[in-house]
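*Asks:* Under the heading domain 'Mur ligase central', TrEMBL lists 121-298. The ATP binding site annotation in TrEMBL covers 123, 124, 125, 126, 127, 128, 129.
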């Protein structure tokens, strides 16, 4: 019995009723118009939004559990379709599992039912850029393709859109990978850094979840991985798939590497193709890794090198990723709101040589260390100022002081973004840069990373309107 047959016959709860949960509901309701369904969410009814409330009121076969006790009745259901953002380590979830409640997810249902080929992309950072670049290359080559995940649509929205010839390019988080039982046909593993430690019991559990992207692959599948990370190499060594690697540090036999200002592509040690790194329209060395991974994926599918080269040249920077959002009196403002860990900020800083910088750091505290960032900034003479905001401000300041950072530190607490931008404009020298690259998530002061970036952009716009 496949998962949809089980869902049709059993008592089902959708756990989490945000964007993903609503997508799951619509998918099931289309398949089973008269079936009784339920959902649970920690928000109260009035907090769900107009679309959700309208849906609830119109469906007489839908019940719901809302507010602080939303997890209390999980054991009354036979199948729970869990939104990826809700952790398994919650007591109520564990208790339901012990009582033999079956847990599944959008991702598992999609993998079970998908007729096309899935290209899954994971990594702590770079997923959205790499996923979008693969999608862009395939679209430019006129290959049927669909973009899924955080950067695209929830997977079940597009399950019926493709056929056996369609490639589904799927940005996959560790949460989505945690309980899958199938791996993508082409799996891409970009990098691994400590993150989401509030969701997992420990770092090793996080690594294991990421590793699921190749764990269930067979010899007919492909695994593309970053050879510069030992932990990823260990995972690759256990993979049954055909392996291709990419590296900034070594010349690989099968895959891609950077040497003397060129990205090179090799198969079995034979040079096949290369192009200038200067032709890559993305800032930062870390983006060369994203490009290498995308090139390998495209070549596996059969895209010609001329098409790949043309598509890379025409690719546009994604919103919130080293995005230049404005200039005020020769000071450039850059939005890198998706830099939610210190390693991402360190990578961003490498993109701006010979620029005098003011760096905006801080946000929601998940308990990760900022010592690597403090040590890196202490060695630099281009970061003249650091503006700190949010919960992590105190701990970032401690790391900066620990490594004797030489610039000025401004701890603003919980300001509005216009205050932050005005201070940045004031303290940054002529032809300098104000870089929002927070090293932290956003949930203490903003709805999400996008809201943080949007408020930053709006504040820069207001600054120009007010003073020009």
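Cβ from N, Cα, C; glycine included.
A TrEMBL annotation is a machine prediction, not a hand-curated record.
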*Asks:* Which site among 124, 128, 129 has the most other CB atoms no more than 10 Å from its CB, taking these as binding-site residues?
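*Replies:* When each Cβ's neighbours within 10 Å are tallied, 129 tops the list.
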*Asks:* Cβ distance under 8 Å to residue 127 (ATP binding site), same chain, sequence separation 6 or more: which residues?
*Replies:* 121, 149, 150, 151, 171, 172, 173, 190
*Asks:* Cβ within 8 Å of the ATP site centroid (123, 124, 125, 126, 127, 128, 129 excluded): which residues?
*Replies:* 121, 130, 190, 191, 290
*Asks:* Considering every residue in the domain 'Mur ligase central' (121-298), what is the mean pLDDT value?
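*Replies:* It averages 91.
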*Asks:* According to DSSP, does residue 128 (ATP binding site) sit in a helix, a strand, or coil?
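*Replies:* Note: residue 128 (ATP binding site) is helical by DSSP.
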*Asks:* In sequence order, what residues of the same chain, 6+ apart, have a Cβ less than 8 Å from the Cβ of residue 126 (ATP binding site)?
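*Replies:* Spatial neighbours, sequence-distant, of residue 126 (ATP binding site): 190, 191, 286, 287, 289, 290.
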*Asks:* Hey, which of the binding-site residues 123, 125 is the loneliest by Cβ count within 10 Å?
*Replies:* 125
*Asks:* By the DSSP assignment reduced to helix, strand and coil, which category contains residue 123 (ATP binding site)?
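*Replies:* Reduced to three states, the DSSP call for residue 123 (ATP binding site) is coil.
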